[in-house]
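Enquirer: The structure that follows is given in the form of structure tokens.
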Amino acid sequence: MKLLRLITSFKGNESLSFQLGNAIVEKIKTQHPEIDSTTRNLTKNEMPHLNELHFNSFMTPTQDLTAELKDAVSYSDEALKELLPADIVVIDVPMYNLSIPSSLKAWIDHIVRAGITFRYSEEGIEGLLKDKKVFLAIASGGIFSEGPLKEFDLTEKYLRNVLGFIGITDITVFRVEGTAMPQFKDEALPKALESVAAYSL
Ligand SMILES: Cc1cc2nc3c(=O)[nH]c(=O)nc-3n(C[C@H](O)[C@H](O)[C@H](O)COP(=O)(O)O)c2cc1C
């Protein structure tokens, strides 16, 4: 079995999404001690914003790639080399401005590729990554899993939609939330870690 971990907070060890992601990975390792894991820190090993060259490289058959297009497609190919064999993907998601970090969006723009992660068929669009399980470790200053801010959360909603688009529908979400709220902040991480401990894989 293979696991891919994506780190997307620039806060290093202080990051709450990172600490929650670590707990998820440790839990998975208790069930699958033999699991082979790869980690990509998208804040250190960044994917470039998708540009015209990248997109043209996706649309060009391999045998026709120029040196420039080969270079352009290398980011996507490298990310797919990590994603395609992974059975489980754990993604740390700090909420930035109600949404996901742009480093994660850039990664998504490089892995959503026609013919590789989805295809157009007679029935419409078909996601091709059907057998993967994803865990999201979402950290936010406010509380978004319930209450008045729920509808403003574009982290879980967007990730469920875009991952579903490429065929990944087995998605489990853990949250460390309310860390900017005095009445919730001290309990936020312990509560999130407890939810991981209580989860049966
Ligand atoms: C640039 C930036 C934007 C943020 N935007 C939001 C937001 O829209 N809503 C929210 O609840 N918290 C927001 N926060 C707070 C973070 O979500 C919170 O600090 C979280 O713990 C960050 O994850 P990390 O600890 O893994 O870095 C923001 C923090 C930063 C640095």
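The backbone N, Cα and C atoms fix where each Cβ goes, glycine too.
Note that the structure is a prediction, hence the values are computed from the model and not measured.
Copying in the features that TrEMBL gives for the protein in this structure:
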- 1-198: domain 'Flavodoxin-like fold' (DOMAIN)
- Ser9, Ser15, Leu16, Ser17, Met95, Tyr96, Asn97, Leu98: FMN binding site (BINDING)
Enquirer: Can you give the largest Cα to Cα distance in Å, as a whole number, for the residues Ser9, Ser15, Leu16, Ser17, Met95, Tyr96, Asn97, Leu98 that bind FMN in the record?
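Expert: Taking every pair among Ser9, Ser15, Leu16, Ser17, Met95, Tyr96, Asn97, Leu98, the longest Cα gap is 17 Å.
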Enquirer: Near Ser15 (FMN binding site), which residues of its own chain have a C-beta under 8 A away, given they sit six or more steps off in sequence?
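Expert: Long-range Cβ contacts: Ile7, Ser9, Asp92, Pro94, Ala139.
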Enquirer: Under 8 Å Cβ-Cβ from Asn97 (FMN binding site), six or more apart in the same chain: what's there?
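Expert: Expected: none.
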Enquirer: For Ser17 (FMN binding site), which DSSP three-state class applies?
Expert: helix
Enquirer: Where does the mean pLDDT land for the domain 'Flavodoxin-like fold' (1-198)?
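Expert: Summarising the domain 'Flavodoxin-like fold' (1-198) by its mean pLDDT gives 97.
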Enquirer: Quick one: give me the count of other CB atoms within 10 A of the CB of Met95 (FMN binding site).
Expert: 22
Enquirer: Hey, does DSSP put Leu98 (FMN binding site) in a helix, a strand, or just coil?
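Expert: Reduced to three states, the DSSP call for Leu98 (FMN binding site) is coil.
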Enquirer: Please work out the number of neighbouring Cβ atoms within 10 Å of the Cβ of Leu98 (FMN binding site), leaving out its own Cβ.
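Expert: A count of 14.
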